[in-house]
Each structure stands twice: as C-alpha cells, then as structure tokens.
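*Asks:* First the structure, which I've put down as structure tokens, then a few questions once you've had a look.
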Amino acid sequence: MTAVKADERLADVGRLRRTLIRPELGAVVGAIIVFAFFAAQSPVFRSPAGIANWLDPAATLGIMAVAIALLMIGGEFDLSAGVLTGTTGLILVTLATEYGVNVWLAMLISLAVALGIGSLNGIVVTRTKLPSFIVTLGSFLMLQGINLGVTKLITGTVQVSGLRTAPGFESARVIFAGTIQIGQVHFRVAILWWLTATALATWVLMRTRAGNWIFAAGGNEQAARAVGVPAARTKIALFMTTAFAAWLVGSIMALRYTSVQANIGIGQEFIYIIAAVIGGCLLTGGYGSAIGAAIGAVIFGMADKGIVFLGWDADWFKFFLGAMLLLATLANRLVRRYAEEVKR
Amino acid sequence: MILQTRAIGKAFGSVLALREVSMGVAAGQVTCVLGDNGAGKSTLIKILSGVHRHDAGELLLDGVPVSFASPRAALDHGIATVYQDLAMIPLMSVWRNFFLGSEPRKSFGRFDVATARRVAREELHAMGIDIRDVDQPVGTLSGGERQSVAIARAVHLGARVLILDEPTSALGVKQAGVVLRYIARARDRGLGVVFITHNPHHAYPVGDRFLLLNRGTSLGEYAKADITRERLTSLMAGGAELEQLEHELRRE
C-alpha cells in the first residue's frame, strides 16, 4: 500500500503544478512587472488619466490579439490581419466620402468584404493544406498592393479623409470611437469592445463545443477529424473571426481619425502574434488563452505609452518587444514539455 | 453478426491491397485480425471504419449492404475506431478528449462542462480505469492509459462495434495486459470488437474468432475451438518461413 500512497502524493504535486502553469501565468507576471516598473518612475503612468491613456492602444491591439489567439490555438496563422484593418478602414472611408454612402452601410459593405477575405484565407488553407504562414503572407502582400493601388487610383493620393461630414458619421462614431467618462477621466469606448471580445472568446473556448473543436483542430487535426470534429469548418470560421476583428479595429480607427493612410496596419500582424504568444499561445497550436492574449496586449499598451511617459526614445520599444517575445516563448516551451511528457 | 464482409476487395491504382476477404464480428465477441506488415490489415479496417470505400465484394451491417462515405458516417452507425497513434489529443484534458466530437450540450449550444467532467470520471471508473484526475492533459497519461480512455469513450458513446488498430503494439507487457483487460470488458458489455494486431500472444487469450491475412488476402477465418495458439503463431509467421529462419540461424 505504500506504493499507492506515494503515487497519490505525486499526483498532488502534479495538481499544484497544473494550477500554477496556466497559459496566462507568464503574461500576468509580465504585466505586473512592467506596470511596477513604469508606475514607480512615472506618477502620470499610474494616474487614472494615464491608465486610460495606455489602455487605449491595449484595446485596439487586444481585439486583434484575442482573435489571433483563437486562430493560433486552432493551429493557424494570419499575417494578413494587420493590413486587413487598413483595407476595411479604406473601404469605409472611400465609400462614405467618394461615393456618398451612409457610414453604416459602408461599414456593412466593408464587413462583407472582410468576411469574404477571411473565408478565402480559410478555404485556401484547409483545401490545399499549405501552411497558413505562406497563404496569408500571399494575401498580406496582395492586400498591401490593393490598398495602395486602389487608393491612388481613386483619390490620387495615398490617403482617404473627410469622413466627418459623411451621413451617419456621428452615430457610428459614438458607438465605435466615442469615449465614456468615469469620474474625471475619459476612457475610449474601444476598451469596452476589447473587454467584450475577450469575454466572448474565453466563453467560446471554455464553454462551447466550438471551443473544444478549436483546441482539437490545433492540437491534432487528424485525430480530431477521426472522432468527427469538422476541423476544416472550424478553421475557416476562425479565419473569418480574425477578419471580423480586423473590420472592427479598422472601423474604430477610421471613425476615430476620420482618415485612413493606405499603408496602415503593415507590420502590426507580428505584434498581434507576439501578444498572443506572450499570452501563452503555442506557435504549434492546440494550447493558449484569450485572456492571456488580452493581457499580452496590455503589456504592449503599457510599454508603448510608458516609454513616452519616461521621456525615452521610442526605439527602445522594439528592444522590449523582442525581449518579451523571447522570454514568453521560453516559458511556453516549459509548459508544453510538462503537458506532453509521458509518464512511465 | 453485426458487421460482416463478403469477399471484400480494394485496389489503389494497380495495387490490389485487399482481395476477397470475408470476416465478421458478432455482439459480445472479439474478432482478431492478424497479419504481418503489409498484409492488408489497415486497408481492411479503413474500409470497416469508413476511411476508404471498398470496390469489390460486400460490406454488411446487420445483414444489409452498406458503404460508408466518411468516418463520421460509420460512427453514426455505431462503428467506432480507436487508432494506435492518433487516439487522443495530448494537450487537451482527459474529459475534453473523452467527449471530443460528441460534446453534451445545454441550451444555445453550450458545452455542458459539469456533465462532461462527471460522466467522464464515472465511465472511466466503470471500466475500471484508474485516472486520478480527469483535468490532467492526456499527454501526461501512459500509452496504455490513453488507449484505455479511448476504448471507454467509444463504449460510452454507444458504439456497437469497436475497431482497435494495434492498440497493444507500442506497449510493454504490463501495459498491453491492461489494454487487453479493457478489450474483454468492452466485449462483456456487449460490443463487437475487431482487434487488429500482429501479436498472436495478445490475440489468442481475448479472441473468439481469428482472421489471418497475408499479402492482401485471407488465409482463413477460424473460431477459437478450431485453432491452437501454436498453429496461430506459425500461420501468422508464415510457418515454413519461420522454420527456415530457425534453420538459418542455428549455430553450426
């Protein structure tokens, strides 16, 4: 019986380790350290107004990071997500300003285009079985070209602007780009969208069968298919979710600034992926968390604004980006090794 | 007989992977499919489980000819297959794996997590599988435990026929024994089991019928009463070939 007892004790340690090694753990620890670092040196950073300030970039980045996290858990990448925020914004502003379309209708049309591009990404990836890295790199470059080419064709410049005077602008602005006053501080409404997206994504992952399918499709697609999981459909839906998020962020940005540069969003795709990885997503799929990705986005928001508050050169942000990514990947590898180790 | 094949065959281009194989599995019985590598075992079970369609002969379910369009279609007819290497998803918890593809639902398509956890624990217990914690990732289980969980899952999800693809081949002696015990338990619960193996010592104790395959064709289907373990082993290894080998390897 002593052998059995020893076994039980071992299992208890395992349980403790499991609760400690949540996918979000690294991101939470990182966020606390980064907050403490900037808050200790900058009183503005820790003031309510300062918090509202760095939560804003965290929110727009976070909406995308959460969607990308779902996609990565499902085992795929989307490099076209950043440029797609530009595409959706450009469609919205161009339709509303050049063709006099109501802002709401223009948003619907750009949503339809985004979902079309997302499903196309998904269909090509699932049909051809090519790595999504390559497929979406292709759509990334194509969209980049279209964004610039079409904008130049229509306006003769590399930006579209003047959304403010378009019909339906004000009501759309309040909902997507407005602010909410709490006490003396104005918080961007994007923060609410971000929290909603995070809560929704977490619920889908943990409490719906679609969530089970996402983990399975990314964990081992063949095994998932063998027990009847519609892995291809799940992945296409995930690409469409990412496209939806890109539309949301693109619309928020367009309504906020009332103009869109044709080259916007380029380079952002890697930041989404990095935030998701810091949040505990494995690059190989099948593991991760939406909350983690949201916290990963907070870390970026804090670093982005914190470096400015401290009066440092913004170049240091890139260094920070790389260091965080490396640390997060190392932490994730430990998790994976633990989860996949086979007991003798 | 629940599931039966009559002179079934399958060709991949010019390669005849399977020719005129007849076998059957009855409720509460274990049919063992034995054969060396390349004998056509996997082609046969892939036809039974809906991965491939046969192009000769007949596949009968309850005496009615059928042809499964997909693994899902076979599953819907109560034919569950547990594959050796892709039985489970390592990073997912035991209970998530247990209900993967057949999640219990509440209203609005919500996954009934509480029920899933409880039922997984109960079912594993009922099969006599001692999993300490259904929340642990499947990757932390041993190979034998994984096969056992996959068997328990198929039993719970109402399978009538359970197809096991070499469940014991990658396992040690002790682990293989554990899996054989669950095969017997599934049989006792009234399932028809098709047990694919190349090890006659695993097949003989648990099997009721034995189908021997060699180079894509049947060497015969035997009831347990008609064949001894020695005969099975020698047929399996190609009898004469084994004697020849023994002769070659003998010290001068």
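Using the three backbone atoms N, Cα and C, a Cβ is placed for every residue, glycine included.
Here's the feature list from TrEMBL:
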type: TRANSMEM; residues: A:25-45; note: transmembrane segment
type: TRANSMEM; residues: A:51-72; note: transmembrane segment
type: TRANSMEM; residues: A:79-97; note: transmembrane segment
type: TRANSMEM; residues: A:103-124; note: transmembrane segment
type: TRANSMEM; residues: A:185-206; note: transmembrane segment
type: TRANSMEM; residues: A:236-258; note: transmembrane segment
type: TRANSMEM; residues: A:270-303; note: transmembrane segment
type: TRANSMEM; residues: A:315-335; note: transmembrane segment
*Asks:* Under a criterion of three or more Cβ pairs within a distance under 8 Å and sequence separation of at least 6, are the transmembrane segment (A:185-206) and the transmembrane segment (A:103-124) in contact?
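*Replies:* Taking Cβ pairs at least 6 residues apart, the transmembrane segment (A:103-124) and the transmembrane segment (A:185-206) are not in contact, as fewer than 3 fall under 8 Å.
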*Asks:* In terms of Cβ proximity under 8 Å, which residues at least six beyond the ends of the transmembrane segment (A:51-72) contact it?
*Replies:* 45, 78, 81-82, 85, 185-188, 190-191, 193-194, 197-198, 201, 204-205, 214, 218, 238-239, 241-242, 244-246, 248-249, 252-253, 268, 271-273, 275-277, 279, 281-283, 285, 288-290, 292-294, 296-298, 300-302, 304-306
*Asks:* Using Cβ atoms only, state whether the transmembrane segment (A:79-97) and the transmembrane segment (A:103-124) have three or more pairs under 8 Å that are 6 or more apart in sequence.
*Replies:* yes
*Asks:* Could you tell me what the rest of the chain brings near the transmembrane segment (A:270-303), counting residues at least six beyond its ends with Cβ under 8 Å?
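*Replies:* Counting only partners 6 or more residues beyond its ends, the transmembrane segment (A:270-303) has Cβ contacts under 8 Å with 22-28, 30-31, 34-35, 38, 45, 54-59, 61-62, 64-70, 72-77, 81-82, 194, 198, 201-202, 205, 215-220, 317, 320-321, 324-325, 328-329, 332, 335-336, 339.
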*Asks:* What stretch in A:103-124, A:236-258, A:315-335 has the biggest tally of Cβ pairs under 8 Å against the transmembrane segment (A:25-45)?
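*Replies:* Result: A:315-335.
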*Asks:* Residues sitting near the transmembrane segment (A:236-258): Cβ under 8 Å, six or more positions beyond its termini, same chain?
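*Replies:* Distal contacts: 60, 63-64, 66-68, 70-71, 74, 76, 78, 81-82, 84-90, 92-93, 103, 107, 110-111, 114-115, 117-119, 121-123, 125-126, 161-164, 169, 172-173, 176-177, 190, 193, 197, 210, 214, 264-265.
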*Asks:* Using a Cβ-Cβ cut-off of under 8 Å, list the residues of the same chain that are 6+ residues beyond the ends of the transmembrane segment (A:103-124) and lie near it.
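*Replies:* Here the qualifying positions are 78, 80, 84, 87-89, 91-93, 95-96, 130, 132, 135-136, 139, 143, 163, 166-169, 171-172, 235-244, 246-247, 250-251, 255.
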